[in-house]
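K.L.:
Let me give you the structure first, and then I'll get to my questions.
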Amino acid sequence: MTAPALETRGLTLRYGGVTALESVDLVVRPHTIHALIGPNGAGKTSFINVCSGSASATAGTVSVGGRTRRARRPSDVARCGLARTFQNLQLFAEATVLENVLIGAEAQNGVGPLASLLGTPRARRSGRAAREAALAAIEFVGLAAERDHVAGALPYGKQRLLEIARALATDPAVVLLDEPGAGFNPQEKQELADLVRAIRDRGAAVLLVEHDMPLVMGVADRISVLNFGTLIAEGTPTEVANDPAVVDAYLGTDATEGLAS
Amino acid sequence: MMSPSMLLRSGGLVAVLAFAVAAPLMVSSRYDLGVLQLALINALLVLGFNFTVGFTRRLSLGHIGFFAIGAYASALLTTEHDASPLVAMAVGVLIASAAALVVSVLTNGLHAHYLTLATLGFGVIVQVVATNWIDLTGGSNGVLGIPVPTAFGIELVEPEQQYYLALALLAAGAALMARIRSTKLGRQAAALRQSERAAESLGIRTDRIKTLTLVLSAAYGAVAGSLYAHTYGYVAPDAFSFALMLTVLAMLVVGGPGTIAGPILGAVILTYLPEMARVGDEFWQLIYGVLLFVMVLWVPKGLAGLAQQAIALARRPPGRSASRPATEAVAR
Ligand SMILES: Nc1ncnc2c1ncn2[C@@H]1O[C@H](COP(=O)(O)OP(=O)(O)O)[C@@H](O)[C@H]1O
Ligand SMILES: [Mg+2]
């Protein structure tokens, strides 16, 4: 059996008195879309933060691609093949779409500042490759027409797509998407579902945090349900939808909300 | 084939360079030439400051400390140890860079305000050491009799020659900065400025970017300090006070942080302003204070940013224009 793309064991995160995550064991397999759902405040963003290294766990371990990492900097985790987007967008707002994605594409290409300054042959080659990878990622999410637009001036939905393109440009093995469809209309959500499938089919595992239940049910291979920082269910969409604990804690309230929006 | 904007840029660059080369021929007195020299030294100093405050927007207020290290290294190595000015300058750059490395390692993890306070402390420490380590620095009497700068083994005795040396160093510094800005390090510094979290999440080691930019800023500051020492032949601690830090900050903010022309423009303007109206130092501190206030509030991109906006407005490039969020924002 191949190593999980992402695996947590006993992952616990406390903010003072608030327990955001309580002993979470979760495995994201390669080439799967794994949805993480739960009501607001359940700890979904916290989970992404700990896995990506931007918050350090109170207890427990995270391993990416089978390698356990002690809590270090987010950049170290990214270099293990993990990429993420942010629920509250974190774009390079003054830069263009292409520049945003190029920064992602060249971040891990190993070209040092001096080599890039001198324009060594290797640096030029890597630069060209990064540019091509960036253009491909922009095309992939459907932003080719906005390539030279300033990121901060894009409509909200396109900013979300840009974050996905930038994350994909790092060529990750696992992508953590934090509510990528927030604020999307039904048609945009449909396109998002196709995009998430395409990411998986390209070979990356996806952890998808999303509120829209029909979207999640339609796209996810597996679903984990968080409630008050604890995993209360895990399984295929059908299993989860029929789990009484889930219906109690979550589907009864938020799903109808999700359907209505 | 050059695009119109590139033509405009290179045309402007040639004009500025021609003016800078001709400037010493247009001034009538030695005094005026001295002001020109000071403007160039200040420009190099502010350009270095731009690496931190302009590129990464990390407000590191220890910059005058690096300027002082460069000045004292040149002063002491040439007067006490018979080093050539060039060697002294190089050693000054190395010491300042090493100091920047230490400051950086200690402050990289700090958030904005704390970084500012800590680096402010560094500037103060350097000045206090210069004042009180009398055996090394001569204390508040300073160091006298620093030799004139040299280039290619020639002693640059004439102020005109010194001016051209400063101009050459400034041009090289500006060219290097422009090159850095357009390569990976420049893009990563801009990324760090706009969202450190996003930069980290992509695998960019932001602490290395912070260190590199601080070391670069220190190196520029030290070169400016060395030029200062050899140009004036005299250094003393009161030249490296917090008042100068405030002046340098005002120069950068007036000119336009993050641009290349801005820091130079700001330095030249604010070097000349006090010459045009000769009133007390305190009055100028007040003016700098007011300028800082006004610019930060209403012209955050400085004069260079203002000029760029004006050019963009006049020519509205079709490709790079911002998309219109209004309609789609309603749709969502
Ligand atoms: N930086 C923080 N400091 C204190 N509490 C936090 C912080 N971030 C999140 N929390 C708390 O942790 C819990 C989980 O939040 P979050 O992970 O954002 O939930 P979700 O993304 O599922 O809506 C909430 O109770 C929230 O208030
Ligand atoms: Mg959240």
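All positions are counted from 1 along the displayed chain.
Cβ atoms are placed via backbone N, Cα and C, with glycine included.
Small disclaimer: the values here were computed from a predicted structure and weren't measured.
Pasting the feature list from TrEMBL:
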- B:32-52: transmembrane segment (TRANSMEM)
- B:59-77: transmembrane segment (TRANSMEM)
- B:83-107: transmembrane segment (TRANSMEM)
- B:114-134: transmembrane segment (TRANSMEM)
- B:163-180: transmembrane segment (TRANSMEM)
- B:211-230: transmembrane segment (TRANSMEM)
- B:242-271: transmembrane segment (TRANSMEM)
- B:283-300: transmembrane segment (TRANSMEM)
K.L.:
Given the transmembrane segment (B:163-180), which of the listed stretches B:32-52, B:83-107, B:114-134 has the most Cβ pairs that are under 8 Å apart from it?
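P.N.:
Most contacts with the transmembrane segment (B:163-180): B:32-52.
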K.L.:
State, in range form, which of B:83-107, B:114-134, B:211-230 has the highest count of Cβ pairs under 8 Å to the transmembrane segment (B:59-77).
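P.N.:
Comparing B:83-107, B:114-134, B:211-230 against the transmembrane segment (B:59-77), the winner is B:211-230.
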K.L.:
May I ask for the residues of the chain that lie six or more residues beyond the transmembrane segment (B:83-107) and have a Cβ under 8 Å from a Cβ within it?
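P.N.:
60, 62, 65-66, 69-74, 77, 114-115, 118-119, 122, 147-151, 207, 210-211, 214-215, 217-219, 221-223, 225-227, 230.
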K.L.:
Considering only Cβ pairs within less than 8 angstroms, which of the stretches B:211-230, B:242-271, B:283-300 has the most against the transmembrane segment (B:32-52)?
P.N.:
B:242-271
K.L.:
Please give the sequence-distant neighbours of the transmembrane segment (B:114-134): residues at least 6 beyond its ends with Cβ less than 8 Å from one of its Cβ atoms.
P.N.:
58-65, 68-69, 72, 99, 103, 106-107, 140, 237, 240-242, 245
K.L.:
Which bits of the chain, at least 6 residues beyond where the transmembrane segment (B:283-300) starts or stops, bring a Cβ under 8 A of a Cβ in it?
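P.N.:
Residues 243, 246-247, 249-250, 253-254, 270, 273-274, 306.
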